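Here's the structure we're looking at; comments come further down.
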Amino acid sequence: MPKPINVRVTTMDAELEFAIQPNTTGKQLFDQVVKTIGLREVWYFGLQYVDNKGFPTWLKLDKKVSAQEVRKENPVQFKFRAKFYPEDVAEELIQDITQKLFFLQVKDGILSDEIYCPPETAVLLGSYAVQAKFGDYNKEMHKSGYLSSERLIPQRVMDQHKLSRDQWEDRIQVWHAEHRGMLKDSAMLEYLKIAQDLEMYGINYFEIKNKKGTDLWLGVDALGLNIYEKDDKLTPKIGFPWSEIRNISFNDKKFVIKPIDKKAPDFVFYAPRLRINKRILQLCMGNHELYMRRRKPDTIEVQQMKAQAREEKHQKQLERQQLETEKKRRETVEREKEQMLREKEELMLRLQDYEQKTKRAEKELSEQIEKALQLEEERRRAQEEAERLEADRMAALRAKEELERQAQDQIKSQEQLAAELAEYTAKIALLEEARRRKEDEVEEWQHRAKEAQDDLVKTKEELHLVMTAPPPPPPPVYEPVNYHVQEGLQDEGAEPMGYSAELSSEGILDDRNEEKRITEAEKNERVQRQLLTLSNELSQARDENKRTHNDIIHNENMRQGRDKYKTLRQIRQGNTKQRIDEFEAM
């Protein structure tokens, strides 16, 4: 029995190991990988390996794995990577797993500087990457340093600014907090929506020469072929959409593209190696097929995938809403519980205050009772004294009357009678005055006793109100709350040094609608505002002496108001012949 071949496939976030038979084809291995990870949008992806000469190569699906130029190692190493890119991630990517794989691959390309990204965009993308990994920022959970082990922004950007690692993390943390409420899957999609507007996103670059021998770059992407000057990979100079191309072929190092416009000459360039032309042809055929497929009605399978994805997304939204509702309910219960505890404490304090007031009222009542008794005693003594004085007065009156009678009965001298009469009259006047004062005093004591009695009654009423008030309510009791492109070049060709492929453009709808696109920053005011704020912040710490060649080109494009899609419209102006003539003249 043939000995199995051990294979290790590395995706962007996992390592898979398989044992395959010597007669296993590339498609069988590919199908095993996508089945394992649950991927249905297989047309974007391929298996990449480093061949015997050290060049990165895509595994041919129609050939046996063992018959291809894979290195003889154990296990045989492959990378599962995106080979083709969508035009618009938001419109085309269906499954969450597809979004995640693109997100991780694009992020890796930006962090390694394979895709140029300006500083302010790099920081904003870094914050979306943090949201995609950690979810909502929580200051209790995400303590200082929680980003210390994360790759956040390209090293180039860090080197260009006078900011420490902590200062970079602080900036990203602030923007992380801005994304509160955004799902992790949504954060990945937002990342890709911004990243797809970067000039180098989704482009495969190849060194070529025109007939004059000028060194140039050929860029192959989802929208067509673009020509770049050797020192500028950001700004294409000439563009050809896939809908303008009817045939592509190569013979040895010569590559020929035949336009649909029969008045236009062939578009010819030269690659340094035959294997580069093979790769260019594969990418052209695959990207052209996807370009045409996107401009035709969806197949039943794609419609079903989209419907399933919508249902899954809807279900996730419902689950999210339920979680948010439950979270808010718990927060409400916690707030109510805290409020009840505060009210309980307030009631206890009020009860203590009532008790203290009661004790004071009882003490005051006791003092007032004692004072009332004292006043009553004083009144009684004053009454007795008034009665005694009244008795003395009456006695004096009687004596006076007796004297008067005696004066009538006896003959006394006028002087003696007058003297006695004057004496008793004076005494009577004194007694009258004393009696009047005592009556006033008695009246005063009676008034004070009445006031004391009124105070006593009032105090008793207050005490009765305190003692009969309903007790504070007891604290509440809480219950515990809880989806291929059919491979372009299946064979390297019936002829060993050449290959030709016809590219059909029939039946497509709105073949150049990509020229109407605008960047995410232009259509999204929030992203535009965030990028402007970040640009202003970073400009204060930027070391202008460390700007790279790409930085200078990007800044000049920005200064002239150019972006990826405005440049695309510009480089496709004129007819095909004019653009081919421009290419030949470069």
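Placement of Cβ uses the backbone N, Cα and C atoms for every residue, glycine included.
Feature annotation from Swiss-Prot assigns N6-acetyllysine to Lys60; the stated evidence is similarity to another entry. For Lys60 (N6-acetyllysine), the count of additional Cβ atoms within 10 Å of its Cβ stands at 21 [all protein chains shown].
On the 0 to 100 pLDDT scale, the motif '[IL]-x-C-x-x-[DE] motif' (115-120) averages 94 in the predicted structure. Sequence annotations record features per position, and here Swiss-Prot assigns motif '[IL]-x-C-x-x-[DE] motif' to 115-120.
Per Swiss-Prot, the feature region 'Interaction with SCYL3' maps to 244-586.
Residues or ranges marked as compositional bias 'Basic and acidic residues' by Swiss-Prot: 308-338 (among others). Counting residue by residue with DSSP, the compositional bias 'Basic and acidic residues' (308-338) contains 31 helix, 0 strand, 0 coil.
Secondary structure of the compositional bias 'Basic and acidic residues' (540-565) per DSSP, as helix, strand and coil residue counts: 16 helix, 1 strand, 9 coil. The feature compositional bias 'Basic and acidic residues' is assigned by Swiss-Prot to 540-565 (among others).
Taking Cβ pairs closer than 8 Å, the compositional bias 'Basic and acidic residues' (540-565) reaches residues 116, 118-119, 156, 159-163, 197-199, 231-235, 514-515, 517-519, 522 in its own chain, all 6 or more past its ends. Here the motif '[IL]-x-C-x-x-[DE] motif' (115-120) has, by DSSP, the following mix of helix, strand and coil residues: 2 helix, 0 strand, 4 coil.
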